[in-house]
Amino acid sequence: MSATSTATSTSASQLHLNSTPVTHCLSDIVKKEDWSDFKFAPIRESTVSRAMTSRYFKDLDKFAVSDVIIVGAGSSGLSAAYVIAKNRPDLKVCIIESSVAPGGGSWLGGQLFSAMVMRKPAHLFLQELEIPYEDEGDYVVVKHAALFISTVLSKVLQLPNVKLFNATCVEDLVTRPPTEKGEVTVAGVVTNWTLVTQAHGTQCCMDPNVIELAGYKNDGTRDLSQKHGVILSTTGHDGPFGAFCAKRIVDIDQNQKLGGMKGLDMNHAEHDVVIHSGAYAGVDNMYFAGMEVAELDGLNRMGPTFGAMALSGVHAAEQILKHFAA
């Protein structure tokens, strides 16, 4: 240590954290003072392969017919999944996320900053999730946006009736003949690995897979003894798959029109996105939440304030719960 250094040598016995002596972080778990003979339990490489693939394909089989399909695992999609799956453990909730990492744009606040701002009353959802925040009067601040999205993601994935298929994208919607009212009827989603979808222009035909909504007989006709499943699209407004379902609905049904997202206005945008979230007129069994609603209905964007992202998911989830309760 140089003569000019201000560093102070401190023995381990002097270190304290909250008046509790610091000990080895694994001392109460592994309980090994001498690591020279440390060993993991043995395993074969094929055992790992079978453990992964058997469970994944079992999930594909189980969720091939789902009650709720959520497209997009950002803040609104995950918030909706939490509310639906927690309140209705009997429903199979399938979440499809195009990215390897779920969470959408909620890992950071605005302009890649850390803190997440939520206007009240969105703090009530934070309380439900037991996420700490600083109360600033009309709004609250979560110290890091990742704390919010990682918490809701963790809670959703622990629910037994939820499956997240990440690195998987929705390429199209499954449709049925229009209803008597002339409404387009969605009956499922067409999926593929995201990397395959992005490589369609480089290879010959690489056909997709399908996840169907509950409510149909083996011949494809409606089974009126079952509640029809629903799709909740929360694909945001930017990125390679932004507002995908909204754009696809407009392509399928010429009576529909894409409003196009307007400029930033926090006070109008957050309110409007929450209020407009939910069932979509003219499309049976289709719901929207999050920034995709702004693209669909021509609403303002709100920028780096996240209360509407969570509560639009909650609002859509409540409508979906009413659908299954009716």
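Quick reminder: no glycine exception, Cβ is built from N, Cα and C everywhere.
Note that the coordinates shown come from a computational prediction; the quantities given were computed from them, not determined experimentally.
According to Swiss-Prot, the listed position annotated as 2,3-didehydroalanine (Cys) out of Cys94, Cys205 is Cys205. Ser76 (substrate binding site) and Cys205 (2,3-didehydroalanine (Cys)) have their C-alpha atoms 33 Å apart, to the nearest angstrom.
In this structure the alpha carbons, written CA, of Cys205 (2,3-didehydroalanine (Cys)) and Val170 (substrate binding site) are 16 Å apart. Under a cutoff of 8 A between CB atoms, and with a sequence separation of 6+ in the same chain, the neighbours of Gly303 (substrate binding site) are Gly110, Leu264, Met266, Ala269. With respect to Cβ neighbours within 10 Å, the recorded positions Val170, Cys205 differ, and Cys205 shows the lowest count. Residue with the densest Cβ environment among the binding-site residues Ser76, Ser98: Ser76, by other Cβ atoms within 10 Å.
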